[in-house]
Structure formats: C-alpha cells, structure tokens
Amino acid sequence: MPRNYRIVIGAFAAIMLLLLIRSSTTLKPPVDMVKTVSNDDSASQEFKNLPINGTPGWVDDKKTDQGNSDVAQAAKQQTEPESTYFTDIKCSRDHQYVIMIDAGSTGSRVHVYEFDVCTQPPTLINENFKMLKPGLSSFDTDSVGAAHSLDPLLNTALEVVPKKKRSCTPVSVKATAGLRLLGASKSGKILAAVREHLEKDFPFPVVGGNGISIMSGEEEGVFAWVTTNYLLGNIGGGTRTPTAAVFDLGGGSTQIVFEPTFPPNEKMLEGEHKYELKFGDEVYNLYQFSHLGYGLMEGRNKINAQLVETAIKERAIAKGDTKTVHKLNSPCLPPGAQVNEQEVKLEDGRTYLVNFSGPVVPTGAQCRYLADKILNKDAQCTKPPCSFNGVHQPSLVRTFKETNDLYVFSYFYDKTQPLGLPLSFKLDELVELAKMVCNGEEVWKSVFSGIEGSVEELKKEPQWCQDLSFQVSLLHTGYDIPLHRELKTAKNIANNELGWCLGASLPLIEADQWKCRLEQLD
C-alpha cells in the first residue's frame, strides 16, 4: 500500500475518533422525557384518573425493626442514590403548594403539601401537618364558630406557604362522617360559613365545586387505598403487583377497600360497592364500602345505647328522662373504672346522661357480645356473601390471597401502638390484647409495665376495653377476617399520614378547579 494512502487512512480514522468522543459528551435526553407538566392536562379533571408520581415512596414509621417487612425493604430500596442526569435541566415552573383540611368527626387537620411540578407526574417534596380538636360537627348550630375554629390550621398554612405563592395555592376543606351525621341543613350552613370565611379573610384561592364539601364514603375509601398502595410501591411503579387491602377506622365511619380476585367463571357483582379505578396504564376493579355509623365513637354509642335500652325495658331508667344523670354498670369497663356523664343517643333521637361503672370482676366476653350484636350479622343479605348489616362483600378468605397485605390504620393504629402491639400482628393477638385490657389494673401492672406510659394511658381512658372489643368484632365478626390472618399497621408512609388526604390533593395540582387570586390578602 502506498505510503501516502496509509497516511490518508490514518488521518481519517483519527478524525472519526475525535467526532465520536465529542458526540458522547453532548448527547441530550429525548424531549418526551423532560416534558414539563401542562396546565391543560384533562386527565386530572377526573377523580378516577389521578396524576400520581410514578416513583413510590416508603414507609417511615420509625419502627422498622418491629416486624413490618414492607417497611424495612422499602427503606432499603430508598438508600440507593438516584440519578442526577437531569438535574441541570431547567424547569419552566416552580413548586406548587396545595392545602387540604380534613374536617373529621373528632377534630380537624391541615395538610400543606409541596409538589415538584418539574417531574411528570409531580413529585411530593414535603408535607406539613397540624391538628386540633374539636371537629366542625361539635359546633352544631354555630356555623360561624365552626368556620373560625379552623383559623389555627390556616395560620399554619400561612407560615408554610411563601407569601408570593399564596395567591396561587388552592385550599380545600373535606368533611367526613361527623358532619354527615348532622344532616343536610346544619352541615350545609357550616360549610357555607367556612367558604365565606376563607374567601373573605385568607389569601388562598378556594377550590370551586366540591372544594368545600362533605366527602362521600366512596371517595374517602378509594383515596386512602390509592395513597397507601402508591406509597408502599404497589402501584405507580410500572409493574403490576399485588395490592394491599385498606381498613380505615375513623370516629363516625369505617371503610374497607380491596382488589378481589375471582376464579375464571366468577366476577364481582354489580352495585355501588364496585369501583373501577384507572391509575396510570392500569385498571383496578376495587370493592369498596363505607359503613356510616360504625366509626369508633359511633361504635361506643351503639354499645352504650344497648345498655340504656335494656335499662329502660327493665324500668331502671324512665323512658324520656333525659335530664337525670343515670347510673348503670357496663361490662365494657375494667373492674373499678368509672365514666361520668356519658352522653348516649338512642335511635329515637333522645340523649341520656349516664354514669357508667365497671364490674367487680372482668366481663370482657360480655362486652365482645355487645360489640358483635351491634353489627347486625343476622340482617337480610340480598346479595351474598355479606359482611354486616346486610352489606354485600366478597369473601376475603376466597378472593384475597393470604400473601397480600391487610393494612389497618387511623384508630386501629392509635389504639394498639401505645400498648406495645407490633406493627405486624395476627388478629388473635389483638383478641388477647383486648382481654388483658379488660381484665383491669392488676393485670396492666404485670403485662404493660415495660411499655412506657401505657398503664397511665389505660387509667386515663377507661374505654380502651370497649374500643378494642369493638375493633376485634369489626374485623373478625364484621369483615370475617380469620383470627390467624396477619394485619399490618402504620401511621406514616413516606412521612405522610395514612389516609385519603394525599390522594384527594393530587388532582388539585392543576388549576382546572380553581383560579389564582388577583389580589393578595395579607
């Protein structure tokens, strides 16, 4: 080969090598991977098409060593460093704040969420949380007082949201079962007063339509299911995986939501219980039901009402005597315990005042009988199988694998964790816990002595026996969960309180239900 020709070939190879090196340092990501969020995203208008972040969070309940394997595994996964490949790409939009007020039956809570809208879908960056008592429903006819009771929560929002962001930070107030039980007239006046107060005295744009409203039990349960499974990594991760069932116990109602699986020749019955949820590219056929009147506080009242009704039948209490403070024994109190001036509302609308006293010896079994009785398991079941009160529910034993998680939260968490029950436990462990609590102070000292503050808590609140007995009845007798089945509980997932609030806040990132305020109120 001539010498000059070899020189030409060598020069050409050198040039190609330089071009290859240069191109490798200037590659840009595909346009569709860095597309910013559009305000015209019509999918966010529909409740069933939620703009959920595709990167699941992890359970952060500070107790990963107490038997909750999901927590430990999710935490381990989050220790892997994320790619910083796109961090130098500028975004045309800033962070978006959303204010959600949960007006529950026993208190109100504010969640101030901060989202990074430079990702698609948006990523939750931070949450600030504050709660107070009493709830809106306790104001009854004082609608103005109810509205102003939210001021401490709104002041928290003012502290969190930067001043320049307030006029474009939507606020929504969602009431649940407590306000529902007041009736349409009273609750309507309270909600109208809340909207007027927010629009007049605070700088945040109020979400239109159902922005200030009583949330349906359907929404409450499904939003909680979405939040829980998304943050556990069961949905939104790009791969179809088994989902967790969700059992939420509030003060006025309780919700169950799960994804049943049926044999090839069976399918879920049609009805209000069936909910088809589109989440990203997946469709989930959910069973959901909200049992109004079966929250923890309503459960207490139903059990106590049986005692009062029995006393009226036996003429120990004069029917209609709502002024006298009556005295009755309750099998749902530990020996020697006392609960004074307890209001007990009967089905006829009358409210009696009662001083309840505990028995001489433990009677936890009788309390459990009363708790089972209020579930009306013998009610007519027109669409079998049924859970309680004649409500259709697919069998958890037949349609929900034992390897799938059952998550119980809210009052289920609040009434078990202070007494040392682990984050993962079998239902029969809850049964044993209820028995020990109902046995009284002598047993508490030996069983709970190693759990800081537990004995003091049991002394301060003598209705723990009743509450735990009701929870056992609800889960085992009501929902037909076998005693050997494992349950899991947590208060926080990805530093967010378990519940419906995050799921309800995500659609508000887009400004199709609200408009920025033109005037900034100080």
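Cβ coordinates are placed from backbone N, Cα and C, and glycine is handled just like the others.
Note that the structure is predicted; figures quoted are calculated from it, not measured.
Database features, via TrEMBL:
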- 1-26: signal peptide (SIGNAL)
- GLU220: active site, proton acceptor (ACT_SITE)
- GLY251, GLY252, SER253, THR254, GLN255: ATP binding site (BINDING)
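Locations of recorded TrEMBL features on the structure.
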residue	record	Cβ contacts under 8 Å, 6 or more apart
GLU220	active site, proton acceptor	THR176, ASP248, SER253, GLN255, SER290, TRP500
GLY251	ATP binding site	GLY104, SER105, THR106, GLY135, ALA177, GLY178, GLY295, LEU296, MET297, GLU298, TYR411
GLY252	ATP binding site	GLY104, SER105, THR176, ALA177, GLY178, ARG180, LEU181, LEU292, GLY293, GLY295, MET297, GLU298
THR254	ATP binding site	PHE247, ASP248, SER290, HIS291, TYR294, GLY295, LEU474
Fill in the blank from the handout: Across the binding-site residues (SER253, GLN255), the Cβ with the fewest other Cβ atoms inside 10 Å is that of SER253
Practice task
Show, in sequence order, which residues other than GLY251, GLY252, SER253, THR254, GLN255 on the same chain lie with their Cβ within 8 Å of the centre of the Cβ atoms of the ATP site.
Solution key: SER105, THR176, ALA177, GLY217, ASP248, LEU249, GLY250, SER290, HIS291, LEU292, TYR294, GLY295, LEU296, GLU298
Problem - DSSP-derived class (H/G/I helix, E/B strand, else coil) of SER253 (ATP binding site) - result: strand
Problem - DSSP-derived class (H/G/I helix, E/B strand, else coil) of GLU220 (active site, proton acceptor) - result: helix
